[in-house]
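Below is one structure, written out as structure tokens, with a few remarks after it.
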2 protein chains.
Amino acid sequence: MSDILKGKPVADAISAQIREKVEKLKQDKITPTLAILRVGEREDDLSYERGTMKRCENTGVAVKNIILPEDIDEKSFFETLENLNSDNQIHGILMFRPLPKHLDGERARCMLNPQKDVDGCTDGSLAGVFTNSKSGFAPCTAEAAMEILKFYGIDPAGKRAVVIGRSLVIGRPVAMLLMHANATVTICHTKTQNMAEIVREADIVICASGQMESIGKEFLAPGQTVIDVGIGWNEQKQKLCGDVIFEEADEVAAITPVPGGVGAVTTSILVRHVVEAAKK
Amino acid sequence: MSDILKGKPVADAISAQIREKVEKLKQDKITPTLAILRVGEREDDLSYERGTMKRCENTGVAVKNIILPEDIDEKSFFETLENLNSDNQIHGILMFRPLPKHLDGERARCMLNPQKDVDGCTDGSLAGVFTNSKSGFAPCTAEAAMEILKFYGIDPAGKRAVVIGRSLVIGRPVAMLLMHANATVTICHTKTQNMAEIVREADIVICASGQMESIGKEFLAPGQTVIDVGIGWNEQKQKLCGDVIFEEADEVAAITPVPGGVGAVTTSILVRHVVEAAKK
């Protein structure tokens, strides 16, 4: 029977730290403020927006919602973004991506003020993750995975970590964060051969391929800590599932549940970034 | 007996390609020009400068040498750098680092025009290596290692690669380049445990720890391709040596010699970057 690494206590601990910092900032007449920029009404975006707003409310961080119609013209969109960039009352910007196809998403990403890039998507933030310069912000999900390890006392130093997936939102940045924490990191991806064998050698496994229930018992070994970043609706089982077949992970030392694992921590990291941006 | 992957044929092939491109640019009245900015007279810098100038001469790329005294004041140094940044006749800048201690090296690195950063040291270049956006330039030594694999027909796709060393000039960037080429990459470093065992599992080994003759036969296995990035003077043997104990690598499939391996390719990559910068 594995330990279940729930996200909620981690998120609660981070929220408590945030509240303290927000109190101090308010004494200096600063209210940390997040702008949420959403185009259209995608269900994923709406769900993440609700979670973020709840977390902000809960910690004293203000939110400014900017909701633009799906068919907004390019000029108006970029004017809106530019205004948020230059507005001194806005400390962080969460811009939902991908944008609708008629808007240039790459241009928007590059235009975003790196100091307000609390979601860690600009080149400045990604360079900071790569160089370990602490400038910019790491992508929230990658940092959430690291916070869970830290909260539960699992030090990556000297351990073998395998990251499954090489995306820029989670796989690559979490690999760098683990390496900065002195783990020996291997990155697996769609072109990896004998993946099960490689994953079995790991002490820490980060599952971030986005392939639901693709990691079964042949990938896992006793003693491992498994962080499951995936989340999706399993039509057959009629429930949310991660990248791991949870029932087959009963011999690992510890595993994050889905839902209620990494996802529960991500918004608290985002809000922490807003407060850090406001402090700067 | 291993195949010896010499650098010279690789460098010669690249030089031939460069000459063709330079010819075309000259028809458009553009002479690709590299500025070499050196402070003081460090032997390492002088040696690399000589190699670079020879390669430039050999390919039709112009060089502008800017040599500043060791004790130059900060204001004059940064004015010089700013002038090179804004000079339209200069396409690439090679700034030797580390700078003397009284000059702010980090400020200089950040100030360097990313479009002229042919040595791949700015955040813009490093972000490009991390994101695989092809913007900026990869650090030359990392790209040289990849060129050697390519020249000798060793495709990293699907193979296991182990990089020993996590520096920003070679370890981390070459790990990313290998991953973009679809290898399954593991990064080892000073905090790695059981390193020999991990390295033995690799198909491709990149030795970039800078620890002379630290990789002996217990790290190596038949069938491996070994790229030795290290170079240093071995006092005892009275010759240049790499990170690998060369005599103990006789069972691997192929290995780069030191000297005459990666080092022989690095300057041709630098010069290729100057031509690419001029084309842009």
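Every residue gets a Cβ built from N, Cα and C, even glycine.
Per TrEMBL, the features are as follows:
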- B:G165, B:R166, B:S167, B:I231: NADP(+) binding site (BINDING)
- B:5-119: domain 'Tetrahydrofolate dehydrogenase/cyclohydrolase catalytic' (DOMAIN)
- B:139-280: domain 'Tetrahydrofolate dehydrogenase/cyclohydrolase NAD(P)-binding' (DOMAIN)
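Positions of the features from TrEMBL, shown on the structure.
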residue	record	Cβ neighbours (10 Å)
B:G165	NADP(+) binding site	23
B:R166	NADP(+) binding site	24
B:S167	NADP(+) binding site	17
B:I231	NADP(+) binding site	16
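Along the domain 'Tetrahydrofolate dehydrogenase/cyclohydrolase NAD(P)-binding' (B:139-280), the predicted structure has mean pLDDT 97. Taking 8 Å as the upper bound (exclusive) on CB-CB distance to chain A, the binding-site residues B:G165, B:S167, B:I231 give none. In three-state terms derived from DSSP, B:R166 (NADP(+) binding site) belongs to neither a helical nor a strand segment and is classed as coil. According to DSSP, B:I231 (NADP(+) binding site) is assigned to coil rather than to any helix or strand. Across the residues annotated as binding NADP(+) (B:G165, B:R166, B:S167, B:I231), the two Cα atoms farthest apart lie 16 Å from each other.
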